[in-house]
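Here's what Swiss-Prot has on this protein:
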| type | residues | note |
| --- | --- | --- |
| REGION | 420-495 | region 'Type E motif' |
| REGION | 496-527 | region 'Type E(+) motif' |
| REGION | 528-622 | region 'Type DYW motif' |
| REPEAT | 81-115 | repeat 'PPR 1' |
| REPEAT | 116-150 | repeat 'PPR 2' |
| REPEAT | 151-181 | repeat 'PPR 3' |
| REPEAT | 182-212 | repeat 'PPR 4' |
| REPEAT | 213-247 | repeat 'PPR 5' |
| REPEAT | 248-282 | repeat 'PPR 6' |
| REPEAT | 283-313 | repeat 'PPR 7' |
| REPEAT | 314-348 | repeat 'PPR 8' |
| REPEAT | 349-384 | repeat 'PPR 9' |
| REPEAT | 385-419 | repeat 'PPR 10' |
Amino acid sequence: MSNIVLNTLRFKHPKLALLQSCSSFSDLKIIHGFLLRTHLISDVFVASRLLALCVDDSTFNKPTNLLGYAYGIFSQIQNPNLFVFNLLIRCFSTGAEPSKAFGFYTQMLKSRIWPDNITFPFLIKASSEMECVLVGEQTHSQIVRFGFQNDVYVENSLVHMYANCGFIAAAGRIFGQMGFRDVVSWTSMVAGYCKCGMVENAREMFDEMPHRNLFTWSIMINGYAKNNCFEKAIDLFEFMKREGVVANETVMVSVISSCAHLGALEFGERAYEYVVKSHMTVNLILGTALVDMFWRCGDIEKAIHVFEGLPETDSLSWSSIIKGLAVHGHAHKAMHYFSQMISLGFIPRDVTFTAVLSACSHGGLVEKGLEIYENMKKDHGIEPRLEHYGCIVDMLGRAGKLAEAENFILKMHVKPNAPILGALLGACKIYKNTEVAERVGNMLIKVKPEHSGYYVLLSNIYACAGQWDKIESLRDMMKEKLVKKPPGWSLIEIDGKINKFTMGDDQKHPEMGKIRRKWEEILGKIRLIGYKGNTGDAFFDVDEEEKESSIHMHSEKLAIAYGMMKTKPGTTIRIVKNLRVCEDCHTVTKLISEVYGRELIVRDRNRFHHFRNGVCSCRDYW
């Protein structure tokens, strides 16, 4: 339709001019009604412009039923053209039902309307969203049939689709055959390698790129974070800043999450300062990441401060602060935040209840915990999951209600997993209940036969009861199943640098000689106040002298010695480790906090331990 005819239509029907200023779904429906009454909907040009408003993401906030409404408009168009079909294919390719985009493509071909280079990128997008390479390959054959295989936009879509579906070799072949590669082509390959876990290949391609944009940096940093290369994610962010590239909220979420996993508080604080100084919009995702990072790095007070200052919150951000308070041992404060969350109208999710029940467990709030567990389904319609069952078992076990905990496990609607059984076995050790421990331990070894920690825990329970023949049987079972203990490691951040110490690999650190001498000094001081090595958690197939030597080389002891060496007196020492703290290390850390007057914060696999003046926040139950 010519501009003259369009202007004539606008002159005769002034409401058509409102199409460009439509600002809400209500406006759209009013204009739609006008077009129906005036029969202008029968004009394909006018109808297509109305349809375009439905699919344009920048026009107004879209209701959930928008796709259905768009299809209703489409059904009123008598002779839809290629522009209309492309709009619908685009709309559905990025929606909840991307497969429906192919229905419009089939209808388009039946109407003898042929696709163009706009059609295929959206069809490829749909197959990528479906993560169905078979549909993608069929679309690829259609691309070749209609001669668009050398179009750069189509090629970029194919590279992205194959990479997103995990077919990185196919993506690489198309990339290699491209006559022209733009930043999108390169970034799609980087993203594909990251998704397949091939971060070294991704970095190699990233470094080869002639030009990079912010999205490329974001993809590579996020790729490192998603593949547990947290230090590399932080290093690349530092390199990005040196290159003069300004980060956005997406980049900072990846960086801050990496700090959280490493327990890198110093760098996390610098990242937070960067967010503030850059005047970034602290949206829900970034805000929750900041809260999560601070409590995971051991600074629960800063986490509370950031949470209280968030411009907006949702159920996930509330769940994060509640979980943080729970693992730091602030049960009553966690319950206060949970009550506040409910009173403000936020709907708790399953992760919220995991956090709240964990708080009840750590705080010994048995009756309250059972009440919340019962109300979870009754008042909020949330079915219990393994995580919730685990919290209840842990809570009952901590309270010494071992029979109730075992009975709860037997009545569960699902098969118990290793963490649930492990929680009860740990309680059996604390309360020296060999009878329940044997039943639970045998179940546990069947569920997780390769986990060395459960054998050691059960053997310690037998040792306390003097049942040496059963210890011998466990030792034989471990040898038969080739069970090996995973290497323990501990991280400590000094001057913004992460230092990693690994059990049995103590010669890698360049200052290991000084560290060992510092540890001997610490050992001498804590022995003066009665310390004797507790070898209970050491493997039971070595002699006592070897056990004594091995426990003094545990990774957290080396990390603590290094921290004492490198920081001023009175400085808080923060350690992150991958395994549960053993009894000897727990005792040693309490004594160090008493002798040296320092606070030590240790994050292990289960929780945070705050050591002050010879006392731990876990109250010796972990």
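Our numbering is plain: 1 for the first residue shown, then up by one each step along the chain.
Keep in mind that glycine also has a Cβ here, set from the backbone N, Cα and C atoms.
Under 8 Å from some Cβ of the repeat 'PPR 1' (81-115) lie the Cβ atoms of residues 44, 47-48, 51-52, 54-55, 67, 70-71, 74, 122-123, 125-127, 129-130, 135, 142, 146, 148, all in the same chain and six or more residues away from its ends. Sequence-distant neighbours of the region 'Type E(+) motif' (496-527) (same chain, 6+ residues past either end, Cβ-Cβ under 8 Å): 231, 262, 264, 266-267, 270, 487-490, 552-562, 564-565, 588, 591-592, 595-596. Residues 214, 217-218, 221-222, 224-225, 228, 230-231, 233-234, 237, 240, 289-290, 292-294, 296-299, 306, 310-311, 491, 493, 495-496, 498, 574-576, 603 of the same chain lie 6+ residues outside the repeat 'PPR 6' (248-282) yet bring a C-beta within less than 8 angstroms of a C-beta in it.
Sorting each residue of the repeat 'PPR 3' (151-181) by its DSSP state yields 23 helix, 0 strand, 8 coil. Taken residue by residue, the repeat 'PPR 7' (283-313) breaks down under DSSP into 22 helix, 0 strand, 9 coil. Long-range Cβ contacts of the repeat 'PPR 9' (349-384) within its own chain (Cβ-Cβ under 8 Å, at least 6 residues beyond either end) map to 315-316, 318-319, 322-323, 325-327, 329-332, 334-335, 338, 341, 391-392, 394-396, 398-399, 401, 413, 607, 618. The average pLDDT computed for the region 'Type E(+) motif' (496-527) is 88. Helix, strand and coil residue tallies for the repeat 'PPR 4' (182-212), in that order: 23 helix, 0 strand, 8 coil [DSSP].
Secondary structure of the repeat 'PPR 1' (81-115) per DSSP, as helix, strand and coil residue counts: 23 helix, 0 strand, 12 coil.
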